[in-house]
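S.K.: According to Swiss-Prot:
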type     : residues                                   : note
REGION   : 1-25                                       : region 'Disordered'
COMPBIAS : 9-25                                       : compositional bias 'Basic and acidic residues'
REGION   : 59-78                                      : region 'Disordered'
DOMAIN   : 83-330                                     : domain 'Deacetylase sirtuin-type'
BINDING  : 108-127, 168-171, 269-271, 298-300, Cys316 : NAD(+) binding site
ACT_SITE : His188                                     : active site, proton acceptor
BINDING  : Cys196, Cys199, Cys226, Cys229             : Zn(2+) binding site
REGION   : 355-385                                    : region 'Disordered'
MOD_RES  : Arg390                                     : asymmetric dimethylarginine
MOD_RES  : Arg390                                     : omega-N-methylarginine
Amino acid sequence: MAAGGGLSRSERKAAERVRRLREEQQRERLRQVSRILRKAAAERSAEEGRLLAESEDLVTELQGRSRRREGLKRRQEEVCDDPEELRRKVRELAGAVRSARHLVVYTGAGISTAASIPDYRGPNGVWTLLQKGRPVSAADLSEAEPTLTHMSITQLHKHKLVQHVVSQNCDGLHLRSGLPRTAISELHGNMYIEVCTSCIPNREYVRVFDVTERTALHRHLTGRTCHKCGTQLRDTIVHFGERGTLGQPLNWEAATEAASKADTILCLGSSLKVLKKYPRLWCMTKPPSRRPKLYIVNLQWTPKDDWAALKLHGKCDDVMRLLMDELGLEIPVYNRWQDPIFSLATPLRAGEEGSHSRKSLCRSREEPPPGDQSAPLASATPILGGWFGRGCAKRAKRKKAA
């Protein structure tokens with residue numbers, strides 16, 4: 001014993017050795033119990049049965065772990081309603097759309113998968129592939145066009161059946177579908193929009209190419225400058241782990257106002273794992289009886305399923321096709337010649353043509369726009385947005401390091 005009643009250095013080392021030995025014995029016992037539990041009860045020896053009886057706490061812990069793993073696996077599985085069940089549910093959804101006084105639509109990556117843009121948590125989603133250590137690939141994002149779901153939402157808004165759209169997507173397809181900008185809140189930004197934050201109000205520049213080529217998490221400058229004040233422009237993307245502060249195109253003010261007025265919310269293609277963290281979108285300050293009725297279209301489990309008045313297990317395009325038919329509304333066909341982005345876009349100034357190497361959108365697929373310095377149309381390598389999967393990759397690295 002050291003002077004003063006404390007342990008000597010050799011005693012502390014001996015105590016540490018004993019602690020480590022006990023931990024290793026506990027881990028070995030845990031491994032033994034785990035191996036036994038994987039056997040069928042009839043195949044266990046008497047000695048193994050005795051060990052399980054003596055290790056009730058470990059058995060309970062391992063069985064709990066197994067249940068949690070199975071629960072997580074089930075949540076990741078995609079479930080499809082059979083055609084008749086889906087039609088029945090769509091009829092119910094159509095009734096809710098007709099009777100809604102203020103319908104707000106929340107959209108996620110699942111509505112753009114038909115445009116060859118992967119979602120995040122599906123079987124081939126960005127998160128899923130990164131967690132498995134597999135590369136993320138996609139078709140060239142500049143080749144993506146608004147899907148049947150995008151065009152249906154625009155038509156519903158035109159007929160005053162949808163009042164506002166809140167989107168997590170950065171692909172700009174809602175804008176390109178003809179939905180008015182006042183009716184969209186792109187909470188995580190738009191790959192076609194860069195802004196000058198020095199100008200008051202902020203000056204927006206809509207482009208016909210992906211402006212995020214040089215940007216990433218916490219690095220938002222695009223390399224171009226404001227035509228008015230000369231300040232460096234920045235993209236509008238909100239990466240995982242960032243907080244969006246721009247007025248547009250995030251349009252949080254309109255999103256929260258729409259949510260506060262909503263009596264019905266339709267969630268399309270969103271896992272809701274991010275949106276659930278935005279309490280302003282769910283009217284959680286209201287008593288449950290006064291909150292909006294929730295309708296969810298997703299192939300997988302979402303954390304809001306228990307709150308939903310109806311959950312439809314189906315692909316967004318399939319559900320929206322049935323819904324529009326039930327409502328007696330025609331689904332407009334996307335026409336590149338009428339894409340609003342071309343009338344909204346600010347052209348590059350002289351000397352800026354080489355400021356990006358992304359493929360530019362053009363009304364005709366035959367020829368690139370004049371002076372375009374972007375990648376050729378038949379590029380063999382998919383060109384992904386600077387925003388695409390960046391935050392995911394960063395998080396995956398942190399998890400691996402941990």
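Keep in mind that glycine also has a Cβ here, set from the backbone N, Cα and C atoms.
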S.K.: Any idea what the model's mean pLDDT is for the domain 'Deacetylase sirtuin-type' (83-330)?
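M.R.: Averaged over the domain 'Deacetylase sirtuin-type' (83-330), the predicted model reaches a pLDDT of 90.
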S.K.: Just to verify a number: CA distance, Cys226 (Zn(2+) binding site) to His188 (active site, proton acceptor), in angstrom, no decimals.
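M.R.: Given the Cα positions, Cys226 (Zn(2+) binding site) is 22 Å from His188 (active site, proton acceptor).
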S.K.: So of all those binding-site residues, Ser112, Ser116, Gln168, Cys199, Cys229, which one's Cα sits nearest to His188 (active site, proton acceptor)?
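M.R.: Closest by Cα distance to His188 (active site, proton acceptor) among the binding-site residues Ser112, Ser116, Gln168, Cys199, Cys229: Gln168.
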S.K.: 10 Å Cβ neighbour count around Cys229 (Zn(2+) binding site)?
M.R.: 10
